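Here's the structure, in structure tokens; my notes come after.
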Amino acid sequence: MNNLILELKNLRFYLFIPYITLVLAGFVVLATLKGSDFKDLAACASVIQIFVSGFAVWWPIFILKEYLHSPGKELLFVYKARKDILMNKMLLLWGLYALHVVVLFFYFSTLFKPVIYLFIATIIQCLFLIALAYFLALLLQNTFIPLIFNFAYVFTLSMVVFSDLPISIFTRGVPDNPGILNTSVIVLILAGILFWAGYQMEMRLYKNSI
């Protein structure tokens with residue numbers, strides 16, 4: 001955990017991008033509510049899913065970049081201690097991001113209630129996108145492509161067709177509708193599969209680097 005904190009600090013300005021996005025999401029939701037006289041909750045749910053979930057991969061991608069793009073065989077040093085498995089770092093970063101999302105949803109709870117269903121759906125979406133970025137980064141030995149793919153998926157595909165296609169992990173509906181969780185179980189299972197597949201590639205990468 002200490003190593004992860006140091007790695008996050010080394011991101012410098014890039015460390016604060018998710019914070020800026022979460023604050024922006026709060027302002028956009030407030031503006032959407034005021035523009036609709038506090039009635040268009042479905043649009044607010046869409047904004048939250050796109051902005052909050054979309055930037056969940058930011059920290060994980062830049063941490064992966066330090067290992068996959070660094071000169072030498074840095075993974076060897078990591079695995080000698082068996083402390084800093086990259087998959088564990090991805091899960092820790094998801095947990096850290098989820099804590100910040102909790103704070104944001106406390107704010108949302110002052111604007112509309114309940115928010116618990118949307119919160120659960122959102123953090124599961126975040127987990128899936130992190131798992132997908134982790135899998136693609138190890139598969140391609142590259143972090144730029146997964147980052148571009150993530151934003152293309154979230155901000156283009158999801159904004160145009162949203163949940164009309166089976167490949168979308170996002171959901172429509174007002175926040176107080178439990179039906180917003182309809183796809184969450186499948187998304188959670190897919191996240192687990194991606195983490196497992198990514199971990200297998202991570203182990204293979206370590207063995208091949210010896």
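Cβ coordinates are placed from backbone N, Cα and C, and glycine is handled just like the others.
Listed features, source TrEMBL:
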- 12-33: transmembrane segment (TRANSMEM)
- 45-64: transmembrane segment (TRANSMEM)
- 90-109: transmembrane segment (TRANSMEM)
- 115-140: transmembrane segment (TRANSMEM)
- 147-167: transmembrane segment (TRANSMEM)
- 179-199: transmembrane segment (TRANSMEM)
For the transmembrane segment (115-140), distant same-chain residues with Cβ under 8 A (at least six beyond the ends): 45, 48-49, 52-54, 56-57, 60-61, 64, 68, 86-87, 90, 93-94, 97-98, 101-102, 105, 108-109, 146-147, 149-150, 154, 169-171, 175-178, 180-181, 183-184, 187-188, 190-192, 194-195, 197-198, 201-202, 205
Positions whose Cβ lies under 8 angstroms from the transmembrane segment (179-199), at least six residues beyond its ends: 45, 85, 87, 90-91, 117-118, 120-121, 124-125, 127-128, 130-132, 134-135, 138-139, 163, 169, 171-173
Other parts of the chain folded back onto the transmembrane segment (12-33), taken as Cβ under 8 Å at six or more residues beyond its ends: 40-41, 43-44, 47-48, 51-52, 54-56, 58-59, 62, 97, 100-101, 104, 107-108, 111-112
